[in-house]
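Worksheet for the structure shown next.
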Amino acid sequence: MSVVDWLAMVLLWGASISRIRPARHSHEQRMLWGAFTGLALSRVVTAAPIVAWMDATTGTELATLLRHLTGLAAATCLLAYVEAITRHGRPSRARWIWPTALVVMGILTAMFVARGGRIYWIDGAHAPFPTAPTGRVYLAVFDAWLMTCLTAAGWMFAGYARVAPPLLRLGLVLSTIGMAAGVINRAHVMTVNLVTLLDPDTSLREIPILGRVTLLACIIGITAGTSIPAWRAGAARLRTMAALRELQPLWEALTRQYPAMALTVEGPLQARLVRRVLEIQDGMLNLTSVTTPPESSDPGTVAAWVAEALQDARAGRGSGVPSGTVPAPAFRDSKDRVERETQWLRQVAMKFKQLDGQPVALRVP
């Protein structure tokens, strides 16, 4: 195996393994995982030792057929992934993708069996014998579907890139470049096959360096481009987990006092964060029935009021009638109201954690 083959193998298996966990929860990520896994498997059955062993064991070019089928499955998964993430709530445009892919795979498998398990061997695609045209038709069908998938996916990505945020746009552009490189890779091979099919005496041959460079550019572009949205999603997940962790002490103190307020339904991290913010707000509203809330929305002042009100509530004091006013900044007219309110509550929670357990006399800011 060449350096290019090893580099492609490492990139593809790394991308496949890194997407196992997201693929458990998302159709789009399952399709992306399928694309990288299919490409990685196709590189495995391209390795010379694997090919030699399978050829000798089966007496056919089964390794080549598996390489083609896994490559087609990977391209189909990639197209399904791009269609899903650029759909924007519209009905699926992908009803034709998998049926067509299965038809193409069925045709290639039938041709492979009818030719006695041969594609490239002495009476196959590269030989000047009567059966050579059939082998080249086989390869033309294979390349046509690959190019269809890559062209359609690249077209949808390029259109979506015009309205995407800057960082996501970079990922879409890189993916589009990778898909364009893949189209060039297969168009170059397909052109040689079709010209030879029409003119067996042609001197036109494949350019090995062009094939290797475009293959590597395709793999790197798609891997890097699709990793940027995954990185953004991962970074957002880490931020959400940090917010949940910081809100935990305040939330636990309030729900311990008002257990009926806590919801037990699980959900995505972002939904859990929004729910936790709402539960903290409900708990603070309940505390207004114990002591009058402060007029200031300073996090330290609010945290001290929450700590004191909780102590009074545990002692059984309070009128039992909420005032209806929760001490908080005016976020009502803000477009990012939930995010800003979450940030403010995180500050309150940090102050509350510092005050929790201190004597009441020491809680006055």
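Every residue gets a Cβ built from N, Cα and C, even glycine.
TrEMBL lists 238-353 with the feature domain 'DUF6545'.
Taken from TrEMBL, the feature region 'Disordered' covers 315-337.
Per TrEMBL, transmembrane segment is recorded for 33-53 (among others). Counting only same-chain residues 6+ beyond the ends of the transmembrane segment (33-53), those with a CB under 8 A from a CB of the stretch are 1, 5, 8-9, 12-13, 15-16, 19-20, 22-23, 63-64, 66-68, 70-71, 73-75, 77-78, 81, 219, 222-223.
The annotation transmembrane segment is assigned in TrEMBL to 65-84 (among others). Listed by sequence, the residues of this chain that lie at least six past the ends of the transmembrane segment (65-84) yet keep a Cβ under 8 A from its Cβ atoms are 27-28, 31-32, 34-39, 41-42, 45-46, 54, 92-94, 97-98, 101, 104-105, 108-109, 112, 117, 119, 142, 145-146, 149-150, 152-153, 156-157, 222, 226.
Packing against the transmembrane segment (96-117) from elsewhere in the chain are residues 58-62, 65, 68-69, 72-73, 76, 79-80, 83, 123-124, 131, 134-135, 137-138, 141-142, 145: each is 6 or more residues past its ends and has a CB under 8 Å from a CB in it. Residues annotated as transmembrane segment in TrEMBL: 96-117 (among others).
Here TrEMBL flags 137-158 (among others) as transmembrane segment. Residues 68, 71-72, 75-76, 78-79, 81-83, 86, 100-101, 104, 107-108, 111-112, 115, 119, 125, 172-173, 175-176, 179-180, 182-183, 186-187, 189-190, 193-194, 197, 218, 225 of the same chain, all 6+ positions outside the transmembrane segment (137-158), place their C-beta atoms under 8 angstroms from a C-beta of that stretch.
The transmembrane segment annotation in TrEMBL covers 170-189 (among others). Remote same-chain partners of the transmembrane segment (170-189), defined as residues 6 or more beyond its termini with a Cβ less than 8 Å from a stretch Cβ, comprise 139, 143, 146-147, 150-151, 153-154, 157-158, 160-161, 164, 206-207, 210-211, 214-215, 217-229.
The annotation transmembrane segment is assigned in TrEMBL to 209-231 (among others).
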Tell me, what is the mean pLDDT of the domain 'DUF6545' (238-353)?
81
